[in-house]
Structure formats: C-alpha cells, structure tokens
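Visitor: The following feature annotations were taken from TrEMBL:
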type	residues	note
COMPBIAS	445-473	compositional bias 'Basic and acidic residues'
COMPBIAS	480-496	compositional bias 'Basic and acidic residues'
DOMAIN	18-438	domain 'Major facilitator superfamily (MFS) profile'
REGION	445-496	region 'Disordered'
TRANSMEM	16-36	transmembrane segment
TRANSMEM	57-78	transmembrane segment
TRANSMEM	90-123	transmembrane segment
TRANSMEM	144-163	transmembrane segment
TRANSMEM	175-194	transmembrane segment
TRANSMEM	256-277	transmembrane segment
TRANSMEM	289-305	transmembrane segment
TRANSMEM	325-344	transmembrane segment
TRANSMEM	350-368	transmembrane segment
TRANSMEM	380-402	transmembrane segment
TRANSMEM	414-436	transmembrane segment
Amino acid sequence: PAPTEAGRAPGPPDGGWGWVVVFGAFVSIGFAYAFPKGLAIFFKEIQDFFGTSYSEIAWVSSIMLATTYGAGPISSILVNRYGSRPVVMFGGLLCGVGMISAAFCTSILQLYICVGFITGFGLALNLQPSVIIIGKYFLKRRPIANGLAMAGSPVMLCTLAPLNQFLFDNFGWRGSFLILGAILLNCCVAGALFRPIGAGTALVKTEVTEEGKDALKGKITEDGPMENKTEEEGEKDCFEKVNQYLDFSLFKHRGFLIYLIGNVLMFLGFFAPIVFLAPYAKHTGIDEYSAAFLLSILAIVDMVARPTTGIVANSKWVRPRIQYFFSFAIAFNGACHLLCPLASSYTGLIVYSSFFGLAFGMVCAMLFETLMDLVGAARFTSAVGLVTIAECCTILLGPPIGGILIDTFGDYKYMFIKCGAVMVLAGTFLFIMNYYNYRMLAKEEKERKAKEEDPKSVRTENEDKKNWNKDFIQDGPEMEPLREKGEGLKKEINGT
C-alpha cells in the first residue's frame, strides 16, 4: 500500500476473533485479580507456621497487588513496543516461576519476594495488555466485552477458593504453591490468543520509517556541519518516545485527574475486606470450608454482576453518564462494609458476601470503561499506566492498615468500618466532581459552538479595521509619508 495508507490503523472489528480475545482476557484478567484474593485461604496456616502477626502476613497480598498495579507503566511500555501477545506469555511464565519458588521459602521475607514481587509482576504483565487489547478489538460493544472479560475474576475466585482449601488439606501450603504455579502457566496459552490487529500495515509502516531514517542519515552525512542540530533532534525524538509510551499531558486533563484522585482514595479500602473475609469467618468459629465458601458466594454473585453491569452501562440511558453510575457503585460498596459488623452469624455473613459481590462486580466492570470514556482509546494505554502507578501506594497500604487495626483492637469490625468510610467518601467525591466536570464540558461546548456560529465576514472586517488603526494611527513626523501612502491605498481599495 501507499505510505499514507500504511500508517492508518484498522478500525475495531467489534466481533469475530475479538470474542476469542475476550476469552483470553477472561483467563488472564481472572488470574490477575482473583489470585491474590484466593491466597487468603493459606494466610492463617502460614501465619502459624512462621509465627507472624496479621499485619505481617497481610503484606504478602498487599505487595502482590501493589506490584500488579505499580508495574502498570512498565507493562504499557512493553505493550507499545512488543504488543500484547508476547507480554502476556512472558507474564504467565513469571507467575509460574514465582509460585514454584515460593514453595521452597523458609521465611516470610522470601515469600514477599517470590509471591509478592515476582508473581505480582507477572500478573501485571497479564492485566494491562488484556485490558488494552479489548479496546483495540471493540468500540460499540466495548462495555459488554469489558464486562465479560472482567467476569474472569469472580469465576477464577469461585474456583480457586475451594480448590485452594482442597489443595491445602491434601498437599499442605508448599505443595499447593507448586500446583498453583503450574496452573498459572495457562496464562501463556491465554496470551497466545491475542492476535495483533494490522500486523501487515505495521510492517509496511516500519519499512517506510526505516527508509526515511536512512535518507535522513545520508543527508546529514553530505551536509556535514549539522552535528549540533542532529543532537537536538535526537534529544527531541527521545523525549517524544517517552511521551508516546507515557503521555504526561494527561495530568492537564480535568476528567483524568478527577478519576485518578477518586480511585487512589477508593483503593485504600477496596481490597482489604476481601483479603480478610475468610480469616474473619474463621475467627468467629466457622470451619475452614464454610469460610472458603463465603468467597465462592461472593464470586458467584460477582460473576453475574459484571456482565450485567456491562449491559446496563452500554444502554443509551446510562452510557452518556457512566461516571455517575461508577460513583454510585463505589459508594454502595462502602455502605456494604459499614454494615458488615452487624452480621454476627454465618447467615449474616452470607448476606454480606452476596451484597459485597454485587458491589464489587459493579465497580470492577466499569473500572477501565470509565477511564476510556474520559481519555479515549488513543490515550488509554498511557492512562492505564499512569493510573496504576499512582494507585499502587494505597493498594500497598490498604491491607496492612487493616491488619494493624485488627492487631490493635483484636476485632475485625474497625477494619470494615475504615474501609467502608473511605469508599463512601471516594464515591461522594467522584459524584460531585463528575457533576462539576459535566457542567464545565457543557459550558465549553456551548462557547465553542457560539464561536463557530459567528459570521466570518464580520470577524474579518473587524480584524481589518483593527489592523488599519494599528498600522496608520501613530504619532511622530517620521511616519507622515507612510500615513499619506496609507490614505492613498485606502482610496484605491474603496474605489475612489
């Protein structure tokens, strides 16, 4: 094709192989989100084995989640450089290596490294590319595709919770980690399904670019004294490459900043309740399998909530104001945690798990859709990287703060109240600021249309008058000849 056509990216097919990609994202996103929560089954036993406190054992999941989110920019850069398929396959390999190594750990610090950092980084290489490639395959059906892909998290959690308990009873936590490491290698298979769009055009574009670079090098060699200029251009090219991978101009985007602040606050209480749900049930005297079943109930409700939320969010009534729907889901999530201490029996915990699963699924189904709605598909890759690196701090601190509250007061209710209050505050903040953002966008759009509707002829005449006044109404005798010449030109233009 011609060079102008070579750089033109093909449009999203909104179907076809895209549904296979959704299945691959379903698997990789499911492991990325569900695996750190499913490990909570082993926490009580690992805590007794190493003789650690609640806050110390909570750092395992916390470091894993923080690494998964904090490595977002690295994942985005690798996706822009190599594509989603090899990045996800390499991430699956890292996950397997990390969990297999954790089976031979002899201290809690080694678990932090193997489970927290190595496996967490592998999960980051699964999460970001899976979300990004859905945005390339879908446009009109994107909320539905995101909802189906995000449903992988509850499906995996529903499976992993009883599976982990079964593995622990039969093989211990070390043998379970070996088997889980082998299971995580399925992420490599999921990544193989991520066929890139427009590989042929990308190849032609690369060849054209290389030819242009060779021609530029030849020109520089012939001209000779352009060394300083080429160095400046090289520095500019380097900065442009960095900005291409991580678009820092997003920090001037009002909607992006609102989303970022609200989500950073939300994640301070987002993951701690699900990490401590099974230990809380065991603390109240519930047996191990019943405690693990609470996570399964949460996951089953979450499984239904995510695609349902995607369908509702894609409707013509909700999609134009999806940010309000997202704010409500966060506040609803926090309200569930505030009411959790009232659930003193196993039946009450089942009810709490059901409502928690509904609220959790609503938030997760719209988490990336709302971001893409704000910044657009073109800047989404950079936006995901910047958001995840900012969120990793509160994700890292959330579960350990909850563990400190449990160690200090000897009761789980203060942890749930803290998480609920933070999430209600985050939802309220997002609702108010999104209302302000919509008002400002409407005002800016109205001003833009008013400028476009002004007659161009009136503007042109006014500009001409200002130019004449500026050029010819000046003081000083030295300007007299020019003033006379200007008067003559005016007469000629007026036809006199």
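Glycine is no exception: its Cβ is also placed from the backbone N, Cα and C atoms.
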Visitor: Under 8 angstroms, Cβ to Cβ: which one of 90-123, 175-194, 256-277, 325-344 has the largest number of such pairs with the transmembrane segment (57-78)?
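Guide: Checked against 90-123, 175-194, 256-277, 325-344; highest Cβ contact count belongs to 90-123.
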Visitor: Could you check whether the transmembrane segment (350-368) packs against the transmembrane segment (289-305) - three or more CB pairs closer than 8 Å, residues at least 6 apart in sequence?
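Guide: They do touch: at least three Cβ pairs between the two stretches lie under 8 Å.
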Visitor: Can at least 3 Cβ pairs under 8 A be found between the transmembrane segment (380-402) and the transmembrane segment (175-194), with each pair 6 or more apart in sequence?
Guide: no
Visitor: Flag the pair the transmembrane segment (256-277) / the transmembrane segment (144-163) as in contact if three or more Cβ pairs fall under 8 Å (sequence separation 6 or more).
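Guide: Not in contact, no.
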Visitor: Let me spell it out: take the transmembrane segment (16-36), skip the flanking residues so only those 6+ beyond its ends count, and list any with a Cβ under 8 Å from a Cβ in it.
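Guide: Apart from its flanks, the transmembrane segment (16-36) reaches 61, 64-65, 68, 88, 91-92, 95, 119-120, 123-124, 126-127, 129-131, 133-134, 137-138, 145, 148-157, 160, 180, 184, 186-187, 189-195, 271, 275, 299, 364.
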Visitor: With a cut-off of 8 Å between Cβ atoms, can you find at least three pairs linking the transmembrane segment (144-163) to the transmembrane segment (325-344)? Only pairs 6 or more residues apart in sequence count.
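Guide: Contact criterion not met.
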Visitor: What average pLDDT does the predicted model assign to the domain 'Major facilitator superfamily (MFS) profile' (18-438)?
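Guide: In the predicted model, the domain 'Major facilitator superfamily (MFS) profile' (18-438) has a mean pLDDT of 79.
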Visitor: List, by number or range, the same-chain residues at least 6 past the transmembrane segment (289-305) whose CB is under 8 A from its CB atoms?
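Guide: Contacts with the transmembrane segment (289-305): 34, 37-38, 40-41, 151, 153-158, 161-162, 164-165, 274, 277-279, 281-282, 346, 349-350, 353-354, 356-358, 360-362, 364-365.
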